[in-house]
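Q: Provided herewith is a single structure, encoded as structure tokens, for subsequent inquiry.
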Amino acid sequence: MELCICTFFLSNQVLGRFNRARAAQLTLPHYLCQTPLFMPVGTQGTIKGLTKNQLEEIGCQIILGNTYHLALRPTSELIDELGGLHKFMNWPRALLTDSGGFQMVSLLHLADITEKGVTFQSPVDGKPMLLTPEESIQIQNRIGADIIMALDDVVRTTITGPRIEEAMYRTLRWIDRSIAAHKRPNEQNLFGIVQGGLDPVLRDICVRGLVERNLPGYAIGGLAGGEDKDSFWRVVAQCTAALPEDKPRYVMGVGYPLDIVVCSALGADMYDCVYPTRTARFGTALVPEGVLKLKHQAMANDIRPIDPMCECMVCKNYTRAYIHCLVTKDAMGSQLLSYHNLYYMMKLSRDLHSSIVEGRFPEFVCKFLQTMFPKGDVPEWVCNAMEVAGIDISSCCHEMKV
């Protein structure tokens, strides 16, 4: 260990527990958050189709911004000049920015990852560009989010061999460079990212290395990339068990409601994903039973709301038939579905928090699973994870499904 952060403007007060699950009050510079919480992804300072007033209305606490996209347009220099991203997008609550590394791996032709940083092709002129840990932090310092992420060496969990170990150790070396480059530790909270693929030994080394740095919070990275669900929950369980009790734990890229309930049972606090809004643009609504595909012809004359039990503006005012008509022809359809889907995710977050605080988390989990799997065919990986989490779901598991 070379460096550590000892001062930061963040506190994470645990308000309630059930075994590994916990509900907390996360104090950030711009907002007092309740966890577990889901963060919608606002790639360039906006959630597609929704205003900031609507996001406040549905209870959004933190918006995630993509450093890579913001650095390209409108540029971090301009955002800084105009008073930071909060002021630029007129968002009074919390913001989190990623490091920019994942976009370069997933969206662009990756040229090379070396000890110096990530070399990639410029989307403007095709020329090689280099993003270093230092530059990632400098860009995020200019953007001004409450939580910023250290650049890590991103490797998908479906890859095996020595590359996983190389990436994990490089991620640890890069965290020291990120800490050294961080110029606003009293205003922005730097999270490190646990890597190590599906290898428990490498994950353990990475967790211990990051915890030694005494960071404000920790993320579990490299998941939701195609690995099997049994491997997914076991990595989450291992990392949450080893991370500090008094610091927030963020599972990156997780947005399926079932995954969030399972990870929360295992002790995770924060999640982000494009899934709720992306699936909305394809005409799909999130409902307690799973999903509802509004493009299907069966919706054409269905006068019920998306979810009769939902209190959101969309369900109170519009029918499935109306939205079916829109999703095939009009942008308003995806906007209404995005609103509903994010309302669903915010309510799920609130329900997780309140059920833990009020001591009824096992009942909440069982009701959630019974609604989603009325035949009792709860996936085996969920049953395995809940056993480790110490939650008895036998009443909703009549048969096992892999």
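Quick reminder: no glycine exception, Cβ is built from N, Cα and C everywhere.
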Q: Which is it, of 52-56, 72-76, 157-161, 277-281, that TrEMBL names as region 'RNA binding'?
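A: Within the set 52-56, 72-76, 157-161, 277-281, TrEMBL attaches region 'RNA binding' to 277-281.
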Q: Which range is it, out of 29-35, 78-84, 253-259, 316-322, that shows up in TrEMBL as region 'RNA binding'?
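A: Feature region 'RNA binding' in TrEMBL: residues 253-259.
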Q: Are there residues at least six beyond either end of the region 'RNA binding' (253-259) with Cβ under 8 Å to its Cβ atoms? List them, or say none.
A: 38, 223-225, 232, 271-276, 286, 344-345, 348, 372, 382
Q: For the C-alpha pair, I'd like the distance in angstrom between C310 (Zn(2+) binding site) and G101 (substrate binding site), rounded off.
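A: With distance taken Cα to Cα, G101 (substrate binding site) is 37 Å from C310 (Zn(2+) binding site).
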Q: Setting C310, C312, C315, H340 aside, what same-chain residues sit with their Cβ within 8 Å of the center of the Cβ atoms that define the Zn(2+) site, listed in sequence order?
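A: For the Zn(2+) site the neighbour list reads P305, I306, D307, E311, M313, V314, K316, Y339, Y343, Y344.
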Q: Could you state the CA-to-CA distance between G100 (substrate binding site) and H340 (Zn(2+) binding site) to the nearest Å?
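A: Rounded to a whole number, the Cα-Cα distance is 29 Å.
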Q: Neighbour count, 10 Å Cβ-Cβ cut-off, for G101 (substrate binding site): what number do you get?
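A: Result for G101 (substrate binding site): 27 other Cβ atoms within 10 Å.
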Q: Per DSSP, how many helix, strand and coil residues does the region 'RNA binding' (277-281) have?
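A: Final tally across the stretch: 5 helix, 0 strand, 0 coil.
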